[in-house]
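J.: Here it is, the structure, as structure tokens.
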Amino acid sequence: MAKSKVVEKDKKNELDNQSADIELKGQSKNEESKGGKKKVIIVESPAKAKTIERILGNDYQVISSKGHIRDLPQKQFGVDLNSLKLDFEIIPGKESVVEQIKKMTSGKEVLLPSDQDREGEAIAWHLSTILGVKGKNIITFTEITERAIKEAVKNPREIDMNKVNAQLARRVLDRIVGYMISPLLWRIIKDARSAGRVQSAALKIICERERERYRFVPQKYFKVWIDIAGLKAYLTKVDGKKIKPTDITEEISKDVLQKVKSVRLVDIDVKEVRKNPPAPFITSTLQQDAASKLGFPVSKTMKIAQELYEGVDTKEGHTAFITYMRTDSTRVSDVAKEAAEKFILKNFGREYLNESSEVASKKGSKTKGKVQDAHECIRPVDVNITPEKAKELLDKDHHKLYELIWKRFIASQMSSAIYKQYSYDFESGKYVFEASIRERIFDGFEKVYTIDNEPSEKHKELKVDQEYLVEPKSAEAQTTPPDRYTEASLVKTLEMEGIGRPSTYATIIQTLLDRGYVVKKRKTLIPTILGFVVNHYLEQRFPDIVDKGFTAEMEKELDEVENGKKDWKEVVKSFLKEFNKDLERAKNEFFAIDFDTDITCEDCSGNYKLKVGKYGLYLHCPNCKTNKALKSDVFGVIDGNKLYVLEEQESQEENGEKNSVQSEESSANSGNRKFYRKRRTSGSKKSSTKSASSKAKKK
């Protein structure tokens, strides 16, 4: 099997090599036909090359390296742990690409556009090193527009080696963890694929949530309310004391149903509240919104966003639509602010302009640590390409994402929405019921960003000290366990914990899925038994690697390298000092996969044990010595030293799978109800209502 994969990989490399070779030769012929261009720009992707060449015309030749061209060796460690000298090699299959680039750039001025993150700077550094290019040859831009590109080529700069060093440190740390832990994993857990530095911390977060859900014991409580003038007023006080919904017992519920026949309105509070516009998108918030509103996986969002940034073929030519999509800054350039202001004034009026254009752009993200770079937010490159116009230029999914970005950006530059909030307190003996409702009096940014249903006006007829006939209602409910992570909520958690960076979120999730440590069911991320076993091993042998605090601290140190405050080699050596202790212990101490389970043996009624053998995880009965394969569709939780199998309680139809097309978050809500531990009771709700339909009547 491994040999087959190698052969397939070699064939793929050969095809990629031939494809790139043909492309570069074509570019060379094109150069000759134009009389030979003196300046060459090398970008990563053919799409970006096409867009930039259309902008710059005949003065520049723009060619593509088709991605990375140099990295640490695939089949060797490539790092001298004493000197930290790195043994880079041309990526297999890219040799002829490099040779062609060398020929085409010989004797010419070379410019290297760098994506505005560490990885982009490192790619430019690799290219400049291979080509022997020195001096000011780096150009940067956040959007592929005529203004931005022409401005960039006028102002080249030198390579930022602090950025490069931060990326080298990240690459070396990842290589150390992957190269040194993975063989130990393979020795103990045959099914395990590998262990990554940041992915392992993310796996632990997912496993901890599943364990938390397993340990959760539902608590029964009652919701008690009255319907009055289009409002739903809930019981909030008993004998003058605030009461939480979870503290409302069946006894209280029955007492309310029996005794409350009418209520008196004791207070109305009316106040004006402002709802501020959202900040423009950064990578993480775009991923979260695209998941919850469009149902896009993170990887799909980033793929489409990259294409919108680099440019897509339209009937009007190869056109870029958005700014750079890997960013953790909400900053908006002065040019973009001015364009948005003109658009808003023309289409909506002065009252829709943000009181301060800085408000939204100063919000930023809640990421622990620093924003990686003071770059721009994700926004449309031309606000005049409205979603309506873009619909004629883009396919369905590209248009959906563009519309999301366009609306978010325009909304961020608009004024606040203004609401009038009404709060009502109703009293009946020792019981107080509270209700509130908001009425929008000015839509502001919500004119483009959201559509709210108009509330009922009946509540305005209510008067203080008036008494109203009511028929209270009650419904039994249960507290629910914390939701499983979706891709969107995991990205939010990783961002808030300071784990990873915008460019890595999609890779982290995809790697866990590809390795079989996590599966996606109804848009929720569920750790597999293999994922739990791998996490258990890493927790026991390499606790720092899976510790989110430690991982976040490493990100801060990489930030300090980028800021020139720390030497990258010292950061790596400091990591190695502690890591080597765990590594030696893991090498020398015996570790066995031997978990008790709650799975019953069909032959002797004893309980199986979970073990690992030549072909991976299996079940073994210690009493009758029988073995049983562990099916891949079995899910469980390892808590302590025992595996508890989870059972599927609800059918797909009950989860609303029949005819609905759901977003990630709405799908996740049903998916989060799907697996429960064996001894947990069903979460069905019982209703107890005094009347199926009741209307508030003025007494």
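Glycine is treated like the rest: Cβ placed from N, Cα and C.
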J.: Swiss-Prot tags one of 289-312, 337-360, 505-528, 601-624 as zinc finger - which one?
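T.: Of the candidate stretches, Swiss-Prot labels 601-624 as zinc finger.
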J.: Under an 8 Å Cβ to Cβ limit, what residues of the same chain, 6 or more beyond the ends of the zinc finger (601-624), are close to it?
T.: 188-191, 529-530, 533, 593-595, 630, 643
J.: If I take every residue in the domain 'Toprim' (38-146) and average their pLDDT values, what number comes out?
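T.: Computed over the domain 'Toprim' (38-146), the mean pLDDT is 92 on the 0 to 100 scale.
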J.: Using Cβ-Cβ distances, find the residues under 8 Å from D115 (Mg(2+) binding site) that belong to the same chain and are at least 6 apart in sequence, listing them in sequence order.
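T.: In sequence order, E44, E121, I123, Y324, R326 meet the Cβ cut-off.
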J.: Over all shown protein chains, what is the count of other CB atoms within 10 A of the CB belonging to E44 (Mg(2+) binding site)?
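T.: Total other Cβ atoms inside 10 Å, all chains included: 21.
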